[in-house]
Amino acid sequence: MEPKTKKQRSLYIPYAGPVLLEFPLLNKGSAFSMEERRNFNLLGLLPEVVETIEEQAERAWIQYQGFKTEIDKHIYLRNIQDTNETLFYRLVNNHLDEMMPVIYTPTVGAACERFSEIYRRSRGVFISYQNRHNMDDILQNVPNHNIKVIVVTDGERILGLGDQGIGGMGIPIGKLSLYTACGGISPAYTLPVVLDVGTNNQQLLNDPLYMGWRNPRITDDEYYEFVDEFIQAVKQRWPDVLLQFEDFAQKNAMPLLNRYRNEICSFNDDIQGTAAVTVGTLIAASRAAGGQLSEKKIVFLGAGSAGCGIAEMIIAQTQREGLSEEAARQKVFMVDRFGLLTDKMPNLLPFQTKLVQKRENLSDWDTDSDVLSLLDVVRNVKPDILIGVSGQTGLFTEEIIREMHKHCPRPIVMPLSNPTSRVEATPQDIIAWTEGNALVATGSPFNPVVWKDKIYPIAQCNNAFIFPGIGLGVIASGASRITDEMLMSASETLAQYSPLVLNGEGLVLPELKDIQKVSRAIAFAVGKMAQQQGVAVKTSAEALQQAIDDNFWQAEYRDYRRTSI
């Protein structure tokens, strides 16, 4: 449902002159009216012409097109964001297809690697282990009092790039940009945070420009005590905030999620957001290929926290579709670098133990090896769906894809690893190896594939289709927790907007131009489920929709009135 157009009320602010021009959330630049220029001591500080935001956005678009590399475009957009946030979001929303890969994946990966080199202006909060005893003071220094969404990272597992130390701050900044651009959450309500606990990246430690704490990463009790201090300080400062964990290492991601998801409204996008968008994609792809997800056999390459999180949510969804838990688990096969996860495999991680196959059930498999490779698994399972979350390029070989297609006329193949350089196989190859029959969704953006004069659009299985709507739904409903059922309702709603399902052609996921509409629909479904689950106060459907509309921020300038501090 589109939000009703409502007249924006005037905003009363105490700032004036150069201070106002340096305030990104309030700066209008050349769009300040003549009356505002007189009232806020801006006469002579700006060119004569008063422009509209669209005129400003057109100039910015022309300037943007003058940059030749993606990282230079990223730097330019970040500069606008740090100068005039309203203009930044108007520009991004005008060109979302072009700019989303620049402000987030894959370009944000390079921005994280070069964070200290391209650093220009502070954004967000940097909390180093050295300052752990000043946690409350640090959060009190945040000028925005009504923070509603925090994205926090410790920089240890940035995309597929590993430990980027303080450079990981690029991820919370980019993620929150999408909360606003796609989910309509006001930038005034968002806060990016990096927990600087050191780095084990020797290249960063040797870099004279590196801006983080030059120390090996703290671990074990020291690490968990530090994170706990942060969580308690956040609860004290903003008790109703939504906290998103982002790009934590596998060894910490699941323990932190399990420890805090029932203590503070929180979720891990790498685990739960990735799972939700993947399940939504699979529901739609299964319907397009014929049948339900519960009828499909699924093989994973990659059994880390993200892969296992997706697998568990698939199992939950197939149970909703009528399978028993035992039957649902028998349809999911997890392969890591040591082969298929079985009950005879040593040193399994806690979250892997429920996803093993019983070795005794594999006695009739066609294989000569004790280690069951991906090819062995594909040959014997004959899967309908192949999902890659390995972070390693090229592992979906031609032999594996052709073997899958031999037994599955309409295979669903999802190489989800980020960034583009880590993808398990390119869509071009997958389409060619399956004679144009595969349904493909990727983690990074890819151009449409042309094969034998036919165009195949490639859906990006982008978490941005999920987490902004979840955030908006949590804020609008006042949810105190994010439950598994809320995430599954987001997946089901996303699947309902699949052009391939609705029209029989096109992308398996919605186009980016529709992402705000999808986010609002997900917000409603999430808010409604939160009420049903008892983690939000029950209201009428009309009241929930009104709350979503009221909280949906638009990139428009408001009229300013002068007031004293």
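Here the Cβ of each residue, glycine as well, is placed from N, Cα and C on the backbone.
Record check, Swiss-Prot: divalent metal cation site residues include Glu246, Asp247, and the candidate from Asp220, Asp221, Asp270 also listed there is Asp270.
Distance noted between the C-alpha atoms of Asn418 (NAD(+) binding site) and Tyr104 (active site, proton donor) is 11 Å. Of the chain residues outside the NAD(+) site list Arg157, Asp270, Asn418, Ile158, Leu159, Gly160, Asp247, Ala306, Gly391 have their Cβ within 8 Å of the site's Cβ mean position. In sequence order, Glu246, Asp247 are the recorded positions from Lys175, Glu246, Asp247 with a C-alpha within 10 Å of the C-alpha of Arg157 (NAD(+) binding site). Closest by Cα distance to Tyr104 (active site, proton donor), from the recorded positions Lys175, Glu246, Asp247, Asp270, is Lys175. Rounded to a whole number, the distance between the Cα atoms of Glu246 (divalent metal cation binding site) and Asp270 (NAD(+) binding site) is 6 Å. The Cβ of Asp247 (divalent metal cation binding site) has Thr153, Asp154, Gly155, Glu156, Arg157, Ile158, Leu159, Gly168, Ile171, Asp270 as same-chain neighbours under 8 Å, each 6 or more residues away in sequence. For the pair Lys175 (active site, proton acceptor) and Glu246 (divalent metal cation binding site), the Cα-Cα distance reads 9 Å.
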